[in-house]
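Here the structure is laid out as structure tokens; the discussion comes afterwards.
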Amino acid sequence: MGRTVEHARATGGRSAVPHPAGPRVLVVDDDPLQRALLAAALRHAGAREVAEADGGEAALAVLAGGPCFDLLISDLNMRGMNGLELLAAVLVEAVVFDRQHGLLH
């Protein structure tokens, strides 16, 4: 049994060792209450940074002008650009970025 598993069992899963910084998350939802609740839950769970966007178009603007995110969580049913359209746009941008930086042949 690994040392980490033994330590977790001995301490009840708690550790005095600080955890590395949590993920950067972008929450996309056109419902302000849903967006705020999810963002608060993510902060409470240890996310390092939680940015919020009120729709697909706003999310693309955040992604274009800000830091890289580890995770994007989006509502599917939004006014304007829906979640699936946002996903398609993000994937296209990722491929363009990779090609520009020599990551795709």
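The count begins at 1 with the first shown residue.
The backbone N, Cα and C atoms fix where each Cβ goes, and this holds for glycine too.
What TrEMBL lists as region 'Disordered' is 1-23. Summarising the annotation, TrEMBL assigns domain 'Response regulatory' to 24-105. The annotation 4-aspartylphosphate is assigned in TrEMBL to D75.
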D75 (4-aspartylphosphate): tally of other CB atoms within 10 A of its CB: 18
Per-state residue totals over the domain 'Response regulatory' (24-105) - DSSP helix, strand, coil: 41 helix, 14 strand, 27 coil
